[in-house]
Amino acid sequence: MADDRVAGGATPPPPPPPPPLDASAFTHTPYYCEENVHLLCKELIRSGISDPAGTNLYAVFISNEEKKVPLWYQKASHSGDGFVLWDYHVICIQSRRKNGEVLDLVWDLDSSLPFPCSFIQYVSDAIRPLSFGNSTYRRLFRVIHAPVFLRSFASDRSHMKDHAGNWIQLPPKYESIVAEDGTTNNLNEYITMSMDDVKDLESMADDVYSSKHGVVINETILPEFFSRLPG
C-alpha cells in the first residue's frame, strides 16, 4: 500500500545513515587526532567507502584563538555527557548527496556517537552550536579537501614533547607523516586560526579545493557551507 504522505506530494523522510562500523578496526592513537584522520581518509579511499580519489572527504580541524574547544560525546571524557575541552580536534566529514538530499557523515574516532554519525546529529550533539555565543569558546573549523590534505600535511610530533624532550603522550608506532614536498612539520599552520580568517561563503566553497590550508568557517555557517559542496 502506498504511503499517503508520499502519494500526496509530501517529501519522504531522508534515508538513514549507513550502519555503524567498528571504530576499533581503524588505526587510532590517543591524542594524535590529526594523524588518525590522515590514516582514516586513506582507509576510506582504499576500502571503497569514499570515491577512489577521496574527493568527497574533508579533514576538519576544530580550534579557536584561545585553543579552548568544547566538544561533547568524547571518549576521553570523565563526565556523563562526554564533555571535553580540547586545545584542538580533528574529524573527517564525508559529503554525500542523494536526489538533492544532503546526507553528510562525520567520522570521529574519538567520539562515542555512531561511527560514522550523521552530520546533523554530530552538529547537534557533539558541537552544540551557539552554546557559547561570542565567547572565547566559540569554535572555528578549518576545512581541507582530503586530496590536498593527504599531499600537504606533515607532523614530526614535536608538539607532544616537553622542554626536556620527553613524550607527553606516547607517539604512534608507525613513521611520522611527511608531506609530498618533503615538509616534515606544518601542524601549527592547520590548528592556528582566528575569526579574521573567515571569508564569504561563496569564495570559501571554491577555495576549499585549491588552498593548501583549506578555509576557515565559524560554527554558525558550518551546516550551510557543507550544504553547498557536491556529494
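Glycine too: its Cβ is placed from the backbone N, Cα and C atoms.
The annotation active site is assigned in Swiss-Prot to CYS33, HIS89, ASP108 on the grounds of similarity to another entry. The compositional bias 'Pro residues' feature in Swiss-Prot is assigned to 11-21. Annotation comment: Swiss-Prot describes 1-21 as region 'Disordered'.
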Those active-site residues listed as HIS89, ASP108, and which of them has the most Cβ atoms within 10 Å of its own Cβ: ASP108
Cβ-Cβ distance under 8 Å to CYS33 (active site), same chain, at least six residues away: TYR88, HIS89, VAL90, ILE91, LEU109, ASP110
